[in-house]
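Peer 1: Mind having a look at this structure? Questions to follow.
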Amino acid sequence: MSAEYKTFHKMVKLINTTTRISLFSWTKECDWKFRILRALPVFFVVTSTVGSFLLMWNSEGSDVVFAGIYAFGYSQIALTVISMLLNEVNVEKLFQWLHQLHQKRDIEEISLIFHLHLQRTQKFSWLFLRIMFYTFLMTWMSSIIYTKLYKKITPRIPFILQENWLFRWLANIFSSTYGTINLSINEGSMILIGIYFIESFNILSDLIGKLNESSKNKQEHLKFIVQFHVEVIEEFEKYCEAFFLVFLVQMATIVIILILTFSLIMTSSTNMMYYSVIATVMLQLTLFCFCGQIIHNKSERIFTDLYQTKWYEMELKEQKILLLMMKMSQRSLGIKVAGMYDINFVMFMQVLKVSFSYCTILYTLILNIEFVI
């Protein structure tokens, strides 16, 4: 077992183990009486979301805006957990495909290319997963401390009386911890698989570049490139399908939370809780948009790499294969929201522009409401 595969296996094992525990996936192997526990994750996140909206409904002034951040944050978590439950099998299949990438190839030069790129993948994966984990941890701790200091903005939990603040706070700790864990699992899975797709396109580019070198295994080499290209396209479509709901929910709630948080920062620029929320949401937005943009650029590059080969020195049969691949690579791949809007650098800038524009309007409304009160 190679070093990069050990690192990858460790990451996937951590994600799968945490998923089995948090989503009660282990109940699938138990008696049917225990399978009702599969409904508990939905109950937890829906209860937290309802409590957050109840808090927003009963708040006044700027507290409404802060409660709105909680409400839409828990909405993001709730829909993410539901998506994880619905697409658990599809995500497992994607991880199985990633395992296959680490298998040794028959042709030595192909194995070397895979080894070099997958080794680099582990470094980037660990880096981004750690940044994401510590950012989520910072926001979780800030949330717990803030609700402890300001009791009136503690989300209401159904079935717990309003007067029992301690039980409400403990329930809020549990719900926020559970939600943060599941959100981290989902984000980690998306980013890890996304990085592997980026490196898969880099592997394809290097494999295509090797066609210019004289080799006895050129036909086998070309056959492998075609098969791997088709494989990457098919798996990427499965990736977009598995995280379709997550992409839609994440981008919608990110915009709303940014607008609400920016407006609160304009009223109180010294509250560190607001900055931790901004850091988390901006990290989500940045990772999504950068990952989508890079995948789009890498998939477009395949066409150029194919054209730059010495196709004019190849046999007619090989030229036809290259022509077919060029035709396939003209349809550039990318992550889309609702299957329509590309997640890329353009969307990153548009989201920031919309957030700043609408937060100024919301800030004016908050000042007017507080003045009237």
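Just so it is clear, glycine is given a Cβ too, placed from its N, Cα and C backbone atoms.
Heads up, here are the entries from TrEMBL:
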type	residues	note
TRANSMEM	36-57	transmembrane segment
TRANSMEM	64-86	transmembrane segment
TRANSMEM	124-146	transmembrane segment
TRANSMEM	242-266	transmembrane segment
TRANSMEM	272-295	transmembrane segment
TRANSMEM	355-372	transmembrane segment
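Describe the structural context of these features.
Peer 2: Long-range contacts of the transmembrane segment (36-57) within the same chain, counting only residues at least 6 positions beyond its ends with a Cβ under 8 Å from a Cβ of the stretch, are 22-24, 27-28, 64, 67-68, 70-71, 73-75, 77-78, 81-82, 85, 153-158, 172, 175-176, 178-179, 182.
Here the transmembrane segment (64-86) has Cβ contacts under 8 Å with residues 19, 23, 38, 41-42, 45-46, 48-49, 51-53, 55-56, 153, 155, 175, 179, 182-183, 185-186, 243, 245-246, 249-250, 253-254, 256-257, 260-261, 263-264, 277, 362, 366 of the same chain, all six or more residues outside its ends.
The list of residues near the transmembrane segment (124-146) in space but at least 6 beyond its ends in sequence, with Cβ under 8 angstroms from a Cβ of it, reads 7-8, 11, 153, 172-173, 176-177, 180, 183-184, 187-188, 191-192, 195, 272-273, 276-277, 279-280, 283, 287.
Outside the transmembrane segment (242-266) by six or more residues, the chain places 62, 65-66, 68-69, 72-73, 75-76, 79-80, 82-83, 86-87, 90-91, 94, 186, 190, 274-275, 277-278, 281-282, 284-285, 288, 335-339, 343, 347, 351-352, 354-356, 358-360, 362-363, 366 with a CB less than 8 A from a CB of the stretch.
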